[in-house]
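Below: the structure, in structure tokens.
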Amino acid sequence: MAGPARFPLTFEDVAIYFSEQEWQHLEAWQKELYKQVMRTNYETLISLDNGLPKPELISWIELGRELFGSWGEKKKPDKETHCSIDDVHVHLAIEEQLLESSQRAVKSEVTCHSQLNPLESRHSFGLAVGERVDASLRHDQGISLVNAQTRCGEAVVSVVHSSSEAAQRKVLSSHRTLALPGLQRVSSWQSTQNSCPVCRENSWEKNHLVKQQKGHSKSRSYRVWKKFSRQADAKQPWSISCLGCGKSFRLKQYLVRHLDIHTRKRPPQCPKCKMCFHHERTLFSHHLKNSSSQHPTCDTSFRTDSSVDLCQQIQERPAFWREDTNVPSRQKPGPSLDCEDCCHMGSKLKGLQCGCILGEDRPHSHTEYGNCFLSQSKQAGLCRTHTGEKASQCPESNKRLCLRGLQNVHQHGLRGEKPVFCRKCGQGFTKHCGLTEHTRILSGEKSFWCAQCGRNFSQKGQLLRHQRLHLEEKPFQCTMCELRFHLKSRLRAHQLQHGGERPFSCSECGRAFTHQCKLREHLRVHSGERPFQCPECHKSFRLKGVLKAHQRIHSKERPFSCGECGKGFIRQSKLTEHFRVHSGERPFQCPECDRRFRLKGQLLSHQRLHTGERPFQCPECGKSYRVKADMKAHQLLHGGQMPFSCQCGKGFAKQSKLVEHMRTHTGEKPFQCPKCDKSFRLKAQLLSHQGLHTGERPFHCPECDKNFREKGHMLRHQRIHRPERPFACGDCGKGFIYKSKLAEHIRVHTKACQVPREPDIKKRLSQLFAMIEADWS
């Protein structure tokens, strides 16, 4: 396989020259950097061939002479160096930046009459649409790099990979004496425009050029042109190789980095911060970032000189550029800047103060806030923001809006249109900001961070609402009772106590809600939909908050703990209910009997005693219950399940029954009578005992008007009115109301006359006293 093509390489091929006018526009540090780059390029050529004579430019640099003059007319050195262009360490990136800064004020008006076919030049001269011209073309006098970029595209070093490479370079050298193809005579202010390489249309700002090129990417002509460019690039082999190790590279900049390994030169270092860099162009960019230029009139500092020139251009631009409305916005030479005081920033130069740029050139100013604007419409827009004036009105809903641009978004919401769609899930949105928040939720990104507690949020509004907790800020106040709240939703929920409106009502049960999202959650009760499923136990829930609280059961996380007893809870609401145990607060009162309860569920269950409602019915036996938990415990009996078991082997369907049973083993009697100091194991026993002191008999038989202190006594009594005899004898079939009566009857068949024990006597006496008490009542 043949190696890379070799041809005579001289210092003129890697050098760049300035005219006297261009040299004067360079700053001192840029001149020193240029001299250093030229010396480095010369040392690279010397390392390849020691017999190379010293050029006149290097001699002037070493003697410290002023560098300007007609450098285009130089003698060619007598000796030529035959080497591969791929092995030369050339710093062209820094030279390009020097050219851009020096030729910012010097604009050429030379017209090139040479016409080259772009497709032909691609294969013949190594150039194509969108590439730069060879760096050696730039030393010709009178050719501006800005104009070259405007008509001929960007610039890179071009290496020809054909056998007739030397002949092609001669054709290029003959073309240097003319100018670049396609260069036209333009005025000085038009030379700062950016040109699209596809349609040749000019624009003032680069972001407009980028948007324009994105539009071309959809056209068929652009796709054909780009496909040809890629095919031509693929045909060129990687012939840029290192002579030391033979490694090949696609771009020259990769070879430049690789040559530093062989030469082991000392890396360039910044004289101020002593920071080292791999390449001098990186050091040059570091100089630009650290060195700040200052505007001479407004004393505002900038990082680059282009910002200073742009500031000067805005101050000195003619009046018709500010007032003429016929010029399209993307072709106006100056960027739009707004006031910094009220946070209305423009697209560029956000560090400029209003007094610097706006000064006398902006005739329209806001009287209250002091903001200055280029046109009267901008001033009127800010005035409407502060005064609350609505400029436009929707023809469909008659709603008035501050800005005309909001009218389209508002009409999309009325029609149900969602022009912005998510590519992953297909969900639609009326605004782009809604899509942005949606993508953060899908990706799990939480870019908003609280500096005090370290909690992350996916939306900025969530962070602002969270920070009110740290600041103890309550901006929302009730107009009736003057209570303040952190969130607006809490205020709306509070206002319902004063008779607030509930505009969203359920069509099935008629229940009304303040928010539409609450109505959606309620509709899942009727439809039975449970969209949130636990990934561990596969249990489904109607609400996402309930799912999160359920997942804490698996993780054993208890983020909400009581400050008095240290008990932890998985939900904030459970902690709030627990606080009432310590404080003794009972905020829920029954309107009929004035009894108070700690929980709202307890009040609802109690009210069913007055109404007789039993909404929870067992699907197997049809038995109804007032409380849902009692129905679930009853269903466990049908399945033979006893999830709560004692150490003695006895099982229970409810945990409360297990707790009551454990007191039989421990002997604990937590319920004490305040009058006689007698203690009881169950609360029901205490209530029954207190009836002896008060004489109260709350349980009433509806058939015979008898009253009882205990519910069990009433149920035993009601068996008298029923024809059923649930306890039947197996021998004779006689039925009995009570089980004790059946036991006495069985002794007749067995003829067993046992001596009653003392516990049986006490039991008989208690039954006797209960019957006597029922008869006396």
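From the backbone N, Cα and C atoms, a Cβ is placed for every residue, glycine too.
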Feature zinc finger in Swiss-Prot, mapped to one of the ranges 102-124, 194-216, 378-400: 194-216
Stated Swiss-Prot location of zinc finger, expressed as one of 11-33, 126-148, 448-470: 448-470
Same-chain residues near the zinc finger (727-749), Cβ under 8 Å, at least 6 residues beyond its ends: 716, 719-720, 767
For the zinc finger (727-749), the mean pLDDT of the predicted model: 84
Chain residues outside the zinc finger (644-665) and at least six past its termini with a C-beta under 8 angstroms from it: 629-630, 633-634, 636-637, 681-682
Surrounding residues of the zinc finger (420-442) on its own chain - C-beta under 8 Å, 6+ positions past either end: 409, 412-413, 458-459
The zinc finger (476-498) - residue tally per DSSP class, helix then strand then coil: 11 helix, 4 strand, 8 coil
